[in-house]
Amino acid sequence: MWEFVKQTDPEIYEVIMKEWERQEYGLELIASENFVSPAVMEAMGSVLTNKYAEGYPKKRYYGGCEWVDVAENLARERAKKLFNAKYANVQPHSGSQANMGAYFALAEPGSTLMGMSLSHGGHLTHGASVNFSGQIYKVVQYGVNPQTETIDYDEVRKLALEHKPKIIVAGGSAYSRIIDFKKFREIADEVGAYLVVDMAHFAGLVAAGIYPNPLEYAHVVTSTTHKTLRGPRGGLILTNDEEIYKAINKAIFPGIQGGPLMHVIAAKAVCFKEALSDEFKAYQNQIVKNAKALAKALENRGLRIVSGGTDTHLMLVDLNPLNVTGKAAETALGYCHITVNKNTIPNETRSPFVASGIRLGTPALTTRGMKEEQMEEIADLIVTVLKNVKDEEGNVDEEVAKRVSDRVIELCKQFPLYVGKI
């Protein structure tokens, strides 16, 4: 594979090979990352990348779309079946653009949008001041209860009654507990707001029936297709309301996008087909088992898990008990072939560029075939590194780094990723 790249552009070929090596021989614990199947990868690298297809199936602005229409219809129908939805738009290039399309379909610029604070586990597109959502809309942010570190629904209701938002956004990027969508819908109805649920992180769990389906209550559901869904990098919008669906379609095209990425849409179709299988349901169940096992193992080794545990694929780890910052931990673990990301925690006292926590997730480890037994060992490796961080630059004792790195590589060889497959 990649022989033509090797001949044409040796520099990029080297980048691809080095990145393959990093993925193959490293433990990936970033909660938003996963590894696609060879089938998804092949679809993304197909001749479909050559086709312009502005518009929607049977309503294109270009000729020659008869086969890409089939691909997009397959993606839409499979997404609808997977999430029990009446309508699906599979064209958003990303989760951020899925959210933008949903917001533009439901509310005029200057309207009030209420979302979860980024520092409490939300996402940039839920109203962060540096994001389009915080610049185009008036934003009200809710957070977690400082004692329980779970969503404070009383605060959500109080803020909604006070500010009367046009859109309420539920979902997050670093929230490990199951969200009560029924409560959110009741609050939205009370103030006349639309409820948008961003399920980007837990979409795979929803598809497998492990996490409640937000479409039972939300006016609109958005998602990415990577993360727990294990598909290509892209976005998805679902709704059961025909008029909202029409508005979403206009908001995506011609509103914020031109031509859709047909090779990615085909890969989404492959991903949705994989997600409809019994094997995928078993995989999602194992993700949650692994997350619970990893959280418990870290807790048993002296670390604090925000909110006391996890119901999903991810956890937020408070590093204050070890007096290590998220920045130093991310760097130190990276030296040892363990990839994580620094993350703020509720009641954060440090800058987001330094942070007091790390966010961990188990989808990528589970894709390799790892189970609870490996989570115990990985917790050991993580804590060994964290206890040997020398400074804020994340330097680690060389002997410790080599010992951990060697074991990580051994583990990865026991549970290979793409070796022999691509």
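Using N, Cα and C of the backbone, Cβ positions are placed for all residues, glycine too.
According to Swiss-Prot, the protein carries these features:
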- Leu118, Gly122, His123, Leu124, Glu243, Ser351, Pro352, Phe353: (6S)-5,6,7,8-tetrahydrofolate binding site (BINDING)
- His226: site 'Plays an important role in substrate specificity' (SITE)
- Lys227: N6-(pyridoxal phosphate)lysine (MOD_RES)
* How far apart, in Å, are the two Cα atoms that lie farthest from each other among Leu118, Gly122, His123, Leu124, Glu243, Ser351, Pro352, Phe353, the residues recorded as binding (6S)-5,6,7,8-tetrahydrofolate? -> 43
* Indicate the candidate from Gly122, Pro352 with the smallest number of other Cβ atoms within 10 Å of its Cβ, considering only these binding-site residues. => Pro352
* **Nearest-integer angstrom distance between the alpha carbons (Cα) of His226 (site 'Plays an important role in substrate specificity') and Leu124 ((6S)-5,6,7,8-tetrahydrofolate binding site)** => 18
* Around the Cβ of Ser351 ((6S)-5,6,7,8-tetrahydrofolate binding site), the count of other Cβ atoms that are within 10 Å -> 10
* Structure fact -> CB contacts under 8 angstroms to Leu124 ((6S)-5,6,7,8-tetrahydrofolate binding site), restricted to the same chain and 6+ apart in sequence, sorted by sequence, are Ser96, Leu118, Val130, Asn131, Ser133
* Lys227 (N6-(pyridoxal phosphate)lysine) and Gly122 ((6S)-5,6,7,8-tetrahydrofolate binding site), Cα-Cα, nearest whole angstrom -> 16
* In Å, rounded, how far does the Cα of Phe353 ((6S)-5,6,7,8-tetrahydrofolate binding site) sit from the Cα of the residue listed as 'N6-(pyridoxal phosphate)lysine'? -> 23
* **Nearest-integer angstrom distance between the alpha carbons (Cα) of Lys227 (N6-(pyridoxal phosphate)lysine) and His123 ((6S)-5,6,7,8-tetrahydrofolate binding site)** => 15
* To do: Would you mind checking how many other C-beta atoms are within 10 angstroms of the C-beta on Lys227 (N6-(pyridoxal phosphate)lysine)?
  => 27
